[in-house]
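A.B. asks: Pulled these features from TrEMBL for this protein:
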type: DOMAIN; residues: 21-109; note: domain 'Copper amine oxidase N2-terminal'
type: DOMAIN; residues: 252-655; note: domain 'Copper amine oxidase catalytic'
type: ACT_SITE; residues: 330; note: active site, proton acceptor
type: ACT_SITE; residues: 414; note: active site, schiff-base intermediate with substrate
type: MOD_RES; residues: 414; note: 2',4',5'-topaquinone
């Protein structure tokens with residue numbers, strides 16, 4: 001970065017802050033204040049493109065004493081309210097990041113960043129790039145060669161350019177073109193991914209013009225050909241009005257006649273505290289990560305300081321230009337907050353729903369209200385625990401209830417449904433459901449390739465990976481934690497173990513920051529422990545264990561840009577020593593990044609992580625070998641990561657959940673449904689979910 005270009009606004013008299021919490025998301029007024037203070041550094045007519053205006057979270061050394069005072073009822077220390085701002089001077093490559101102190105009404109730092117550091121995309125820019133690509137005379141000439149039917153609508157999907165080290169210093173978009181069904185061009189919801197074109201303009205983001213038009217290969221090799229008229233495939237629509245819908249599906253209503261079991265407390269203008277079944281935590285929301293959970297506690301005991309999805313990458317497997325650069329960092333390149341859906345009752349969430357709103361900033365620096373970006377609801381999760389005394393026939397059974405904190409994002413063709421799920425046994429699940437439409441490209445008739453699947457005539461869906469990184473900042477009974485892993489080993493056959501059936505569990509403590517992997521052959525299980533806090537029953541250190549599904553790590557070569565940039569994608573677990581500002585596993589700026597600024601680099605410091613303030617980066621994902629059934633819209637692929645207490649409690653913490661019975665959770669026999677009205681009741685056993693009426 002260019003440190004000689006730091007500039008500061010003069011310090012003004014401190015302003016009185018509205019009573020709020022240091023972790024509350026920023027308000028519309030705070031966005032406006034931040035923009036005004038940044039503008040004050042420049043001449044009056046300077047134009048800006050704001051890429052992010054978000055909360056600059058307090059340093060941990062400040063916030064931990066604040067939280068301790070808050071929970072003990074002591075006087076709260078003052079913490080200045082600050083925002084983080086990154087922006088361009090419009091129509092230049094001058095990219096800056098700044099810290100704005102709203103309490104002191106001054107810009108604390110304002111730094112122009114160096115080469116190969118680029119800001120994320122934004123809606124205004126994406127729409128502008130679409131317009132520029134489609135209105136370019138060279139692009140129009142190439143489209144004309146296709147001899148498409150009169151009135152055909154051609155669409156443009158701008159992709160972050162990616163990195164391959166070849167003439168990619170400029171910030172650019174690689175655009176992929178499609179068309180709507182030529183026989184129904186007025187249908188704005190037509191599935192254009194069924195009609196991919198081989199024309200791919202490249203747009204420069206300084207002068208905002210098309211600087212190159214690539215032709216995409218459509219055969220089995222790198223060869224390309226001139227645009228030309230060709231046979232048009234039939235449409236393949238996904239919207240309900242184009243389907244012959246089933247008629248035998250009955251309504252399912254989720255009813256809680258006494259209301260929801262969770263409590264939401266508003267804090268300031270934007271803060272929310274959620275309490276449910278002994279759990280308590282704060283919910284934040286920002287442009288990049290979307291949902292963030294802070295100060296997660298169970299029955300008052302500290303468990304996690306901060307939880308958020310840190311990063312994700314979707315690298316594609318086609319080695320040919322320009323497809324070889326398709327590697328989307330959807331959080332760093334676009335933003336989970338910026339791409340969040342407005343959730344709807346009865347569609348995205350069922351039951352008694354509480355919605356959380358947010359406010360982000362437009363590229364012009366104006367507040368942008370985001371309604372219903374997070375939904376909070378309960379759901380039945382099947383039997384939580386049960387035992388039947390076979391001697392007496394008495395059964396004790398408890399149904400499990402989950403609290404779901406959910407957000408959904410749309411990133412061009414794909415949707416991700418992301419949820420934190422709490423249960424009554426002190427367990428936390430992070431779930432991702434991948435759906436939407438696979439990214440498509442044209443392929444010649446009669447051609448088959450091993451890096452993708454033909455999902456529609458003339459349409460190839462390339463195999464790709466989805467690799468996620470969940471950042472877990474633990475505070476298991478305090479902030480001095482360690483990472484260990486258990487492994488199971490067979491006992492050697494001996495006089496003590498003559499039948500060869502014995503086995504033991506061995507615990508290994510991770511000494512230095514590093515990346516580690518699971519091992520199914522030894523049932524390797526990672527645990528976060530607090531050695532200074534001991535279980536009263538067995539004397540073992542209290543902790544939480546990590547249940548992460550195995551997945552194939554980054555397939556791309558270690559020397560590839562995909563591997564270098566996705567610093568989290570080569571290990572199941574990374575552990576690092578906490579440092580302020582290290583929030584994003586792939587680095588702060590992923591747009592056309594080169595690597596070296598993320599979790600792999602931080603782990604390579606080889607700092608001690610034994611009984612220290614540590615951070616865990618937990619990777620999970622799926623290898624998406626595409627199939628015809630993924631088109632025209634794919635059924636959800638579901639992946640879950642779980643955090644479970646291990647010797648944290650003195651018994652099953654769900655013992656005190658009320659038993660499930662017909663008085664509490666009502667069910668109705670299917671054969672009786674036509675004889676009597678369905679009985680309203682809480683979501684319960686058997687058919688209760690199906691028979692209750694709203």
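If you go along the chain as it appears here, the first residue is 1 and each next one adds 1.
For all residues, glycine too, the Cβ spot is worked out from N, Cα and C.
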A.B. asks: Measuring Cα to Cα, how many Å separate residue 330 (active site, proton acceptor) from the residue listed as 'active site, schiff-base intermediate with substrate'?
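C.D. replies: Roughly 10 Å, rounded to the nearest whole number.
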A.B. asks: Which residues of the same chain, at least 6 positions away in sequence, have a Cβ lying under 8 Å from the Cβ of residue 414 (active site, schiff-base intermediate with substrate)?
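C.D. replies: In sequence order, the residues whose Cβ lies under 8 Å from that of residue 414 (active site, schiff-base intermediate with substrate) (at least 6 apart) are 314, 330, 434, 435, 436, 437, 439.
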A.B. asks: Would you list the DSSP helix, strand and coil counts for the residues of the domain 'Copper amine oxidase N2-terminal' (21-109)?
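C.D. replies: Per DSSP, the residues of the domain 'Copper amine oxidase N2-terminal' (21-109) fall into 25 helix, 27 strand, 37 coil.
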A.B. asks: Within 10 angstroms of the C-beta of residue 330 (active site, proton acceptor), what count of other C-beta atoms is obtained when all protein chains are considered?
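C.D. replies: Taking every protein chain into account, the count is 23.
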